[in-house]
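Structure first, commentary second.
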Amino acid sequence: MSSVVCPGSFDPVTLGHIDVFERAAAQFDEVVVAILINPVKKGMFDLDERIAMINESTMHLPNLRVEAGEGLVVALVRSRGMTAIVKGLRTGVDFEYELQMAQMNKHIAGVDTFFVATAPRYSFVSSSLVKEVAMLGGDVSELLPESVNRRFREKMSGTS
């Protein structure tokens, strides 16, 4: 059985992330979306909210599950008996950074990384940019799954 981890903070999960999850789910028997917690960063959404948003947005992917983790991605990968990571790439800048990470992960833990080129319609989308544009009054609804957009608007208006 081929299994892979898709790591990230997903704060919030975007349609670009969902695109990568769908494509990974089509290629691998099992996809684990690993929400990695950075104790230094205060996220917009807490861990439970992120898990719920990804679960709601990926119900159509029966071979995908969501987990939380801390520390090195490769430690999580190895602890699950897996050997691979999938990362989405938006631009050449992403590639340069992710290639270094992939080489380090292979060196320290023997973990392979598979890259998925982000669909062109999402090549500019990041969680950070979505938050920034929304905070400045821009409409980001076409960049988020519907259920995520609803929670996002509630959070932005202070009603959640």
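Glycine is treated like the rest: Cβ placed from N, Cα and C.
Per Swiss-Prot, substrate binding site is recorded for S9, K41, V73, K87. Spatially close to V73 (substrate binding site) yet at least six residues away along the chain are V5, P7, A34, L36, I85, N105, V111, judged by Cβ distances under 8 angstroms.
Non-local neighbourhood of S9 (substrate binding site): I35, L36, I37, N38, K41, G43, R50, S127, each in the same chain, at least six residues away, with C-beta under 8 Å from its C-beta. Here Swiss-Prot flags S9, F10, H17, G88, L89, R90, E98, Y122, S123, F124, V125, S126, S127, S128 as ATP binding site, drawing on sequence analysis.
A sphere of 10 angstroms centred on the C-beta of H17 (ATP binding site) encloses 26 other C-beta atoms. If you look up Swiss-Prot, you'll see H17 marked as site 'Transition state stabilizer'.
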Distance from V125 (ATP binding site) back to K87 (substrate binding site), taken between C-alpha atoms, in Å:
14
Can you see whether DSSP assigns K41 (substrate binding site) to helix, strand or coil?
coil
Should V125 (ATP binding site) be counted as helix, strand, or coil on the basis of DSSP?
coil
